[in-house]
Amino acid sequence: MASPMSLTAFPEAGIMPRDDTEASRFVSEHPEWDGRGVTIAVLDTGVDPAAVGLQTTSDGRPKVVDIVDATGSGDVAMSASARAVAGEDGLVRLQGRTGRTLALNPEWKNPSGEWRLGVKPVIELHAGQLKGRVTAQEREDAAAASKAIVVEADACLAAWRAATGEAAADPKGVADVALRRELEELLAAQAAAKAAAAVLGKAKSETDVIDVVAWNDGSTWRAAIDSSRTGDMRSAPGLASFKEERQYATLDRTSQLSYCLNVYDDGAIVSIVCDAGSHGSHVAGIAAGHHPGSPERNGVAPGAQIVVVKIGDSRLGSMETMQGLMRGVRAVVSNKCDLINLSYGEPTAWPGSSRLIEQIQNAVGTRGVMFITSAGNAGPALSTVGAPAACSSACVAIGASVSSSMAKAGYGARRGPDQTLYSWSSRGPVMNGSLGVSVCAPGGALASVPVWNLSKAMHMNGTSMASPNACGCVALVLSAAKACGVAYTPHSIRRCLENAASHVEGLSVWGLGRGLLNVRRTWEMVLRGAERATAELQAQVEAARRHSGDEAGSSGAAVADAMGGASARGAGAAGAAGAAGAGAAATGGWLGIDAAAPGGGRDSDLPLWAHGVVGASRFRFRSSTDSDRPVACTPSKGGLGDARGEDWSFPDIAVSVPNEGAGSGSSADVGVYWRDPAQSKAASTVNVSLRAVWHPAVHERVRLYFERRYALVSTADWVTSAGHITFSSRGASFQARVDPTALPAGVHYAEIRGYRVLPHGASVADATSSGPDFFVPITVVRPEAVAAGPAGSPPTYTFKPLPPGSSTHVSSNSPAAAAAVAGRGAADPDAQEASPMAGAGSEHITLCPAKVARRFVEVPQGATWAEMVVRRVDIGNDDDSAATLSAGGGAEPAAAAAAGAAAAAAAVVKPAAAALSWYGAGGLSPAARLALSAPAGDGSSAGADASDSQCEGDEDAVREASSRIVLMHCMQVVPHTSERKTVKEVYARLRPGEEAAMRFPVVAGRSMEAVIGQYWSSLGSTLLTARLTFRGVQLPRSLAASPYDGSIRVDVTSAMHDLTITPAATLKTVRTAHAPLEASVAPLGERDFDEQGSRLYRIMLRYAYTSGAKPEAITPWIGSVHGLLYESPHMCQGVYVLDTTPALPGGATATKALQEAVPASTKAAGRMVGFSDAFGESIKLEPGRTYNIVAQVVGPDRAALEALATLPLTVSRALPSPVKLVARSTEHVAHAPGVGPTFGSAKLRRGATSSVFFQLPAAKDLPAGLPAGAQLVGTVDMADYSKGSAVGDGRSPSGEAELVYTLTAGTVSAPASPAASSAAAAAAPAAADLDEEVHRAVRDASVAALASLKGEAFDVLYETLASESPRHLPLLLALLARRSAGIKPLQGSTAEAISAVEEVVQDIVELVDADDIAEVLGRRVDDDAENAAEAKEARKAVEERKSALVKALWARCQGHMTQVCALAGGAEADPRPAGKPDAFVSALGQLRRFEDVSKGAYRLAKVEEALLRRQPAVAFGVVTALLSGSDADAATVAPAADLRRLRLALAKQLAGESRERGSLAASASWGLVAERFEAEDGALRGATELVF
């Protein structure tokens, strides 16, 4: 029976989670420390400046300081210019790049009178989700218009039939000529209506373009866009670069897309900045949103300002690009930001340095910027933290936590879990030994989204949301530090952040990091550290004084001056403590500083650290007569970090360990990570080096007197080290012994911590209260061996509950860790992130929400792939009590025994996915997304389990309510191999008795991690069984072959078990290499400098590619940089596929001066049809066209780029159809195609080897036209387990090898048959008269040469030949071709040109007897007749004369086309009566005797004839067919631009006819069609120029 309804308060704390980190309490205690004075750079998809909550800060300042599109996706090349003309109405007009006449805003001032012009496709401005909404709305709006046209056409036809009584369906069946033509027009009108409906069915925004205008108003550059897309810019806003005036506008009412503009390089480039998705606005709202009147919706730091840097490229679905990241760092530096938030990431093949990582490290190490980034959404397996977090210790990586209040407010859960991690939150350690995750923060929120969502907020989750939450928390700390004058560095803040994090029981250090971020404790440690720094600095000053030989009596004044305040004379550190005490009294005993309390202001008697007035160091040495003697000086007012209050007096400490970790790509690691079996089988001594990392501007004397003493403490008894070290500016080193030999199977963690030794009398608690200054992370995996299977069977590993102590991962700030420091032990048996025991000897694993069972096994030798099968074995009862909801303690929860009515109502939610990246910026991996079946959208929740009411009386609902979401995740760490290639995951919804399975490749001899877990929001306990089965079929990893090989031999071995092989080899793709046609190196524009201000260069390589006869998709890439993003040795790379650039419309001129003003970063290279960055994107091409492919690589070293001038481009595309190779059992049979039996299948016993021979593909099976050197790529597959398999198609995921077949010259060219050769020999003319033969050969060669001659050269040779052979038909045809070049049917021909053509046509018509041709061609040649050969030869000569006559008549027709010329030129057609016998009609009538004028190039004549007959619908249908591109001959009719103008004129004419008939709706619809044609014409004529 349902319980009575009761109302409870809404869990507001879960909307924007701030309580878990104590951020809300911190702001309530210190309202003015809410982020004020702090600037956060949001590197993301871009941020909507109009979004709710992103308008102002809490103290009324503008929220958004600057907006930059670093990707270049919104760039417009303003390489054309024009001068406007004032009209009689006073408006200034000019012609835009689209061809539209632009009426400019009369308020715009342009003293120079020069207007820069550009064009941008609208679709390139729309984000993916916005694109879907707008196009759907446009199609819906166009549906009614489409219907009106079709209805009118049908009605007209019906009325005509009723009036005439004619029922014939085919006009040919109508005897009356007039009626026949009327029916033709009516039927054509129906077809035209359908074509118009198809045009309207396409979204307008997909083809529309907008004009862009830029000008200098005398003080700054401004730009505007024609958002109306009609040319009416009278009310368009003229925007300066956003940073200057902070103005933005809305593109149009339908989209509600906000945009701002930036102008670069003196007006040569206009950047239209629009967001590429909702992700960035959501991130900004979490970090710093401010909602006046709704404080519960505020972001973490509502007082902070933000700098928006769009690094998600709209052309790549918002994926980040290297160019965006590099420019992003530059924008951060130029805007003097305090914090960076990057909620993006990718898997990385190695954690080494790169150009980008160097820039990040420089920004952090020398500019004082803190870099906060998401850890990723690739968990729960270990080592799933990717770049950039995995590449540099300068990045603070954030994991994602979830709490009960978040589950209830964000997901509508009936009950929420205790504090835990989202299942997908990435885990460390990194391959270089780093912990990977620094701290955790809430990973979900209801926050701002762009206005175009038509919603002010949305809920999303992911580490993308955890990162800005943490960033906002850090902003609070920095705001407090600035307000109180507390000096800091990014390294000191990070140290306090990690040491102050809260321990969460039961969560591993690899997922939790140092703990859950805690703002109040972090601020406490910042203060405590500053106090200690003051004392340390005093000691350094005293040491300097003693070293310089000062008298004791003078020390007080010297120290006081060096400290920069009176505090050193009497207050010193005590003054700081007193101030802190005053603050503590105001905050209930918590250590803080109240800015209003005594000692809390900048003018109080606080030590230097509390004033924030620091320069290159806490004190500086200035020159004097004794340069070695320190002298007092006032604190620097213009030194490093003065605006932020940074303190570079002390170095960061970098830990370095010799590279012994698996897969590390660097020369030295930052920790110990032993993962593979051999590494943990013996104890080892590790040399640890500590290096002092100083700011480059710190004075040498500061380094001279720096010295610290550290106590080294291990958190586990299997790790020992020296007890103490002395650390100076030259660093220090020590040895540690790691002995894992006694550890049980599993994964184990320990640390060596460095605690600063305090003066005599300090307790251990005092020494450890601020946490360690550094730590050495140590992770050791002890994999389990997999026993061999029974004879002939594969080895199998079964999951069993682990005994206590199998996995130890003491959380860094846990009580167990503190006990270890005090010498009480290292293991924390309750902190096992493994399955609880289900009973001794049991093979059942018990899971509850967010719990995982983690196992490590040694992959058996010979294994190449594995299968994991998980089966649910409980009876389906729900136990969603508080005990099972707890994801905290590792104590075993109750077994699934308590009956429950329904499963958890918490929705299965995937992380926010803004099409950011494969890895984990804001989305699950593809497998997880498919399995969870969540609806699309940024962070939208998937369907929840059935509720109680849904389950009553519904057996299916009850079964669904008992379902659990179980995840399977397996991966290996392989050196220099990205996680993309070594991981496999499946999310499955299991009901009792159901199972899920997955197959994946493995590497033998290495450790493999296998994880099963229960999704965090899937409530109730679950009992499972799980097993891993290893299989192996050994064959070469790659095979290479060429036509020189007789066959392809593959030796197959079954090393582990009996195996049935079924060989199969298939070639699927073709790769071609292309050499660059040209290469150029040049400096880039004003946006492209590195972090240190050095100008960047780019090399641009141009290639040519011709598409095939059918549409195709290609993937272009540059081999040396392919697949590298965060690891790239260069600063940027990209490949652009371009269409040719059309001529500028009249009125727009690209002057020489303007072209010289355009920077090298801009090139007018044509309309971009595709863009590919690091990982290669598939780009669709039209058939039979030649494309320019431009690759660019950017870097600071010009010489290094010049060395890339010969880089080949690789283009990959799918074969039209796969080429399958035939398998044979012996080599000699494989060499004889079509002979002998094929290799079907064979059973291999364990340890046996068999050879398979594949026949090379026959030339007839390969696509024609492939060049020598092209590679056909495919696979050779051997194992087949399809019988009885529940996974996929049964093919082995790794029992295959890559096959590369390289073509040689002549591979695809079949030799001529002997019969053909004999026929050719017989056809050779007999040389009866050698002189005559030579004369004809010379003449024919001379006639052929005329085609390549121009001007006077043609005339001289023609006159010479004509004097000898005036009636030679080929000579007349050459003259006709020359004169026909002046005939342009759709552009108009002069009378002189027509007369010149008529003269030649008449000569040909007189020379060729049309009746004789008709008679000869009308007779059939009898092949059995005696004179058959002579008859065929005579017929061939007649066909040549016929061809000449057709060319002459067609030239005459083209010369007399007046109707199409008038329409294409914009004028109305000449209303001459139908059927008038003029020159065109006569020539067309003669042409019809020999050619079907309804096909090919002659269809233009059909258009002219239809217009003469007043049949515009017929003409419209023909022109539409010509523009469809379905006919290869259509391109020879007329230029496409002329045909488009003709189509536009016909659409307008049809609109006029509908209006005359009184059909206003149809007329308006035809008007919309005409608008679409105008937009398409403008898009093609004003094709965008690529900006690099």
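Backbone N, Cα and C define each Cβ position, glycine as well.
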Check each of the ranges 789-838, 939-988, 1139-1188 against TrEMBL and return the one annotated as region 'Disordered'. 789-838
Look up coiled coil in TrEMBL and report which of 301-328, 1029-1056, 1421-1448, 1533-1560 it refers to. 1421-1448
Would you mind giving the whole-number mean pLDDT across the domain 'Tripeptidyl-peptidase II first Ig-like' (665-781)? 87
If you count the other CB atoms within 10 A of the CB of Asp44 (active site, charge relay system), including all protein chains displayed, you should get 34
Note: vs the domain 'Tripeptidyl-peptidase II first Ig-like' (665-781), the recorded stretch with the largest number of Cβ pairs under 8 Å from 35-502, 961-1020, 1057-1141 is 35-502
Just how many other Cβ atoms lie inside 10 Å of the Cβ on His279 (active site, charge relay system)? 34
For Ser464 (active site, charge relay system) and His279 (active site, charge relay system), the CA-to-CA distance in whole Å is 8
Taking DSSP states H, G and I as helix and E and B as strand, how many residues of the domain 'Tripeptidyl peptidase II second Ig-like' (1057-1141) are helix, strand and coil? 3 helix, 48 strand, 34 coil
Helix, strand and coil residue totals from DSSP for the domain 'Tripeptidyl-peptidase II first Ig-like' (665-781) stand at 14 helix, 58 strand, 45 coil
Of the residues in the domain 'Tripeptidyl peptidase II second Ig-like' (1167-1264), how many are helix, strand and coil by DSSP? 12 helix, 43 strand, 43 coil
Separation of alpha carbons, His279 (active site, charge relay system) and Asp44 (active site, charge relay system) (Å): 7
Run through the domain 'Tripeptidyl-peptidase II galactose-binding' (961-1020) and tell me, per DSSP, how many residues are helix, strand and coil. 4 helix, 31 strand, 25 coil
Just to be sure I understand the packing, how many Cβ atoms besides its own are within 10 Å of the Cβ of Ser464 (active site, charge relay system)? 38
